[in-house]
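*Asks:* Could you have a look at this structure, given as structure tokens, before my questions?
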């Protein structure tokens with residue numbers, strides 16, 4: 001990869017120095033966690049930006065490389081660079097903790113150099129000194145860190161060993177088990193608010209009990225995988241993650257603005273969300289700069305799982321997992337749209353992205369071919385028989401290779417623009433395959 005240019009070096013150095021100055025000032029003013037988080041996010045951006053440039057060639061030499069299949073000149077570029085983002089992010093969270101808890105440390109110890117603010121045990125709470133420190137808040141950071149580190153390891157394994165999606169599908173839920181246990185101990189609320197039109201029938205609140213924990217486990221599974229499914233176009237993985245992150249931060253700000261009566265009961269939870277999301281935005285912006293068209297690097301499955309789990313963590317531990325789901329409506333639609341391929345109803349090409357036509361320079365719908373090994377299912381054929389006529393004949397054998405729904409970590413995961421198609425002769429005697437440009441496949445004629 002290209003080395004840092006002189007203007008880039010000056011800009012990153014200036015950003016780092018300014019961020020360090022903010023950190024020093026925040027530490028002198030009893031932590032100021034929000035300003036410290038912004039400064040650490042600036043440093044994380046600069047560090048990630050530089051590391052991507054410095055380590056790109058190392059990734060290529062170790063075999064973490066791929067070709068952009070949707071480009072005329074498919075040169076090899078580094079992939080799995082989301083690992084750099086994840087590691088810098090985890091380092092940023094660790095360095096943020098002293099700022100988040102400095103006021104509490106000052107109040108119960110003399111280690112912060114402010115003995116004049118040291119309080120006696122009877123002034124705070126009788127009993128053990130540990131009762132003075134907000135361990136429940138520290139536990140949220142600890143369990144969040146452990147969950148994100150675990151899912152990062154999953155991403156590394158997927159990038160390294162090309163794991164099948166059916167093997168790794170439930171792993172995020174196991175990584176989230178400690179987080180769910182913390183939710184049970186620290187919060188434990190399993191009630192959901194019923195929409196206004198239905199309250200006259202079921203009441204204002206409904207207690208889901210253990211089903212609510214199943215719902216949160218499903219969130220932990222869905223968020224990482226949905227980012228991984230909606231991929232394959234330069235910048236789309238990081239781009240959608242940044243949009244979701246900014247929307248969550250905007251929602252968090254509504255609870256801590258001066259215009260809101262403080263202290264708001266949910267203020268601490270949403271501050272926790274902001275503290276986790278600001279460094280994520282910093283590292284993601286640095287990665288987006290290199291993954292934007294034309295991509296210089298691929299993000300890899302590591303970033304997809306890491307980004308999705310960040311959202312699951314802030315949604316669950318920030319106690320707004322239901323609101324979080326509203327921000328994933330495009331991903332939910334994409335998952336439903338992809339379900340026939342993901343669950344094997346329609347053959348799934350290995351690379352589910354539009355096919356690049358070198359002669360025209362345009363992208364064309366990819367083609368999924370039914371074969372004797374993977375024939376057309378009767379349910380699909382009957383559904384397509386009832387569809388309106390006028391579809392164009394399909395090109396047979398245009399897929400990039402059969403697969404079982406697993407997504408690769410380079411620019412090869414997208415369902416964007418994918419249109420299903422069939423080779424009628426392979427589906428049955430006298431059959432005619434067609435594609436309507438929207439991703440549906442079927443056969444007209446005998447099957």
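The backbone N, Cα and C atoms fix where each Cβ goes, and this holds for glycine too.
Straight out of TrEMBL:
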- 9-27: transmembrane segment (TRANSMEM)
- 33-52: transmembrane segment (TRANSMEM)
- 80-101: transmembrane segment (TRANSMEM)
- 138-157: transmembrane segment (TRANSMEM)
- 169-192: transmembrane segment (TRANSMEM)
- 212-231: transmembrane segment (TRANSMEM)
- 238-257: transmembrane segment (TRANSMEM)
- 269-288: transmembrane segment (TRANSMEM)
- 300-318: transmembrane segment (TRANSMEM)
- 324-346: transmembrane segment (TRANSMEM)
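Buried or exposed, and what's around them? Tell me for each listed feature.
*Replies:* Remote same-chain partners of the transmembrane segment (33-52), defined as residues 6 or more beyond its termini with a Cβ less than 8 Å from a stretch Cβ, comprise 1, 4, 8, 12-13, 15-16, 18-20, 22-23, 25-27, 81, 84-85, 88-89, 91-92, 95-96, 99-100, 271, 274-275, 278-279, 281-283, 285-287, 289-290, 297.
Panel annotation: around the transmembrane segment (80-101), residues 23, 26-27, 31-33, 36-37, 40-41, 43-44, 47-48, 51-52, 55-56, 59, 64, 133-134, 137-138, 141, 144-145, 148-149, 152, 155-156, 159, 275-276, 279-280, 282-284, 286-287, 290-291, 297-304, 306-307, 310, 409 of the same chain, lying at least six beyond its termini, place a Cβ under 8 Å from a Cβ of the stretch.
Through the fold, the transmembrane segment (138-157) approaches residues 80, 82-83, 86-87, 89-90, 93-94, 97, 100-101, 163, 168, 171-172, 175-176, 178-179, 182, 186, 224, 272, 276, 300-306, 309-310, 313, 317 of its own chain, all at least 6 residues removed from its boundaries and within a Cβ separation under 8 Å.
Cβ atoms under 8 Å from those of the transmembrane segment (169-192) belong to residues 136, 139-140, 143-144, 146-147, 150-151, 154, 205-213, 216-218, 220-221, 223-225, 305, 308-309, 312-313, 316-317, 319, 322 of the same chain, restricted to positions at least 6 beyond its ends.
Within the chain carrying the transmembrane segment (212-231), a Cβ under 8 angstroms from the stretch's Cβ atoms is held by residues 151, 165, 169-170, 172-173, 175-176, 179-180, 183-184, 190, 192, 237, 240-241, 301, 304-309, 311-312, 315-316, 321, 324-325, 328, 330-332, 334-335, 338, 342, 407, 411, 413-416, all 6 or more beyond its ends.
If one looks beyond the transmembrane segment (269-288) by at least 6 residues along the same chain, the residues whose Cβ comes under 8 Å of a Cβ in the stretch are 33-34, 37-38, 40-46, 48-49, 52, 81-82, 84-86, 88-89, 92-93, 96, 100, 137, 140, 144, 235, 238-239, 241-242, 245-246, 248-249, 251-253, 255-256, 297, 299, 303, 307, 310, 313-314, 317-320.
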*Asks:* For the transmembrane segment (238-257), name the stretch out of 9-27, 300-318, 324-346 with the most CB-CB pairs under 8 Å.
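*Replies:* Highest pair count goes to 300-318.
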